[in-house]
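Trainee: One structure follows; several queries about it will come next.
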């Protein structure tokens, strides 16, 4: 930055010197500083008065003067000589001087342009330096902020890890305890081996019997853990959107391992075709299915598939049919005496839903209503092979007021509606023949539920909601008493 500034200073001082020299020297070279004017002291002119230069060859001469009759002044002037040789040298000097001045002016212009260019360069460099300085400041501030953020993150991580210190201490203690248990088990194993050698075969069989008894008690405990009181229902998962507003879909809770077939029945009356999908994935993503034709049309949406057979209510009757899906033959038919049918005691949504068949951990059930029970819900436990009624419970809940119903672990749960806001608000326990009013939220996503059944294998509710096939997970509360083990 210092070199362009020195150039500017030199140019300015040079221009000042040239200006001073031209103001002092140039007039003397062209003869502008020797001109003198003289006048007579009196107010009148005479013949001997005039303005004369010192050298008669340099200027005009007043030769004589007089006054005419009218009072006008008449002067006789002698013109200078035509030869101007004495001026030629000065003219030549002036021309040379002018050329020098012009050359100097051109040099000054060139130098000025260079100076302006250097000045622009200096200004540009100055702006770049300012920008670079600003960037350095930003980088410095950003670095400080980044360090501060890293410090905060490390501090937060340390705050998170600090509570783990006592946990690690507990783990150390647990590790020591595990080692102690391992040593004790090894000692116990050696002791048992010694006892086995001493006891003999008969006592070993007795020990084996005790182990088998423990296994049976463990299985019973696991079975009891599978059942419980309903405490919550998850939000629905939409599996597929197909069919009309009414229908049913299901899987077989007693299907063997690897059998994941899905059964699909569209409509609620006067239809007899059942779709079979190979798996839930096929049901969700394709329309590849096998069609089964039932010998009679069904009524309502209360069908179930259980242990390879489909159970349904024959259209416009109170007859239940068990149909084998493999052989496509009727295995058993039975009439539910006094059960209402043909829209006599349907659910609140209608649709010939008089008889609703269900399954749970305990087997096959039928839910319906009779005149003898004043149109209130009746629960019957059925034999899945013979369809005989094993036991019946009469409730005080009106069938027409129920939106839908399902059974979990022998307890019938009833919803208060089928459209809009819905909840499970009534439960009847068949094992104690008691009921209670509950309040379990139930999200009715598509505002028209026409089928709701529990699958004990999946621990889930299957629903048909306004042409959408949905699933709900359930939460069960388990209470196991020590005397039941």
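Every residue number used here counts from 1 along the chain in the order it is shown.
Note that Cβ sites are derived from N, Cα and C of the backbone, with glycine treated the same way.
Not my notes, these are from Swiss-Prot:
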SIGNAL    1-24  signal peptide
CARBOHYD  33  N-linked glycosylation site
COILED    87-225  coiled coil
CARBOHYD  103  N-linked glycosylation site
CARBOHYD  187  N-linked glycosylation site
DOMAIN    226-478  domain 'Olfactomedin-like'
DISULFID  227-409  disulfide bond
CARBOHYD  288  N-linked glycosylation site
CARBOHYD  307  N-linked glycosylation site
CARBOHYD  394  N-linked glycosylation site
CARBOHYD  431  N-linked glycosylation site
CARBOHYD  473  N-linked glycosylation site
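Locate each feature and note its surroundings.
Mentor: According to its DSSP assignment, residue 187 (N-linked glycosylation site) is helical.
Around residue 288 (N-linked glycosylation site), the same-chain residues six or more apart in sequence whose CB sits under 8 Å from its CB are 277, 278, 282, listed in sequence order.
DSSP assigns residue 307 (N-linked glycosylation site) to coil in the three-state reduction, placing it in neither a helix nor a strand.
Within the same chain, residues at least six positions away from residue 394 (N-linked glycosylation site) with a Cβ under 8 Å of its Cβ are 373, 376, 378.
Cβ neighbours within 10 Å of residue 431 (N-linked glycosylation site), excluding its own Cβ and spanning all shown chains: 10.
Secondary structure from DSSP puts residue 473 (N-linked glycosylation site) in a beta strand. Same-chain residues at least 6 positions away in sequence with a Cβ under 8 Å from that of residue 473 (N-linked glycosylation site) are, in sequence order, 233, 234, 459, 460, 461.
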Trainee: Specify the nearest of the recorded positions 227, 409, 431 to residue 307 (N-linked glycosylation site), where nearness means the distance between Cα atoms.
Mentor: 409
Trainee: Same-chain residues six or more away whose CB lies under 8 A from the CB of residue 227 (disulfide bond)?
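Mentor: Long-range Cβ contacts: 361, 408, 409, 410, 476, 478.
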Trainee: At the Cα level, what's the spacing in Å between residue 431 (N-linked glycosylation site) and residue 187 (N-linked glycosylation site), rounded?
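Mentor: Rounded to the nearest whole number, the Cα-Cα distance is 48 Å.
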Trainee: Mind checking which of 187, 307 has the fewest other CB atoms within 10 A of its CB? They're the glycosylation sites.
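Mentor: Ranked by other Cβ atoms within 10 Å, the glycosylation sites 187, 307 bottom out at 187.
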Trainee: What number of additional C-beta atoms lies within 10 angstroms of the C-beta atom of residue 409 (disulfide bond)?
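Mentor: Here the count is 20.
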Trainee: Take the coiled coil (87-225) and average the pLDDT across it for me.
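Mentor: Mean pLDDT for the coiled coil (87-225): 69.
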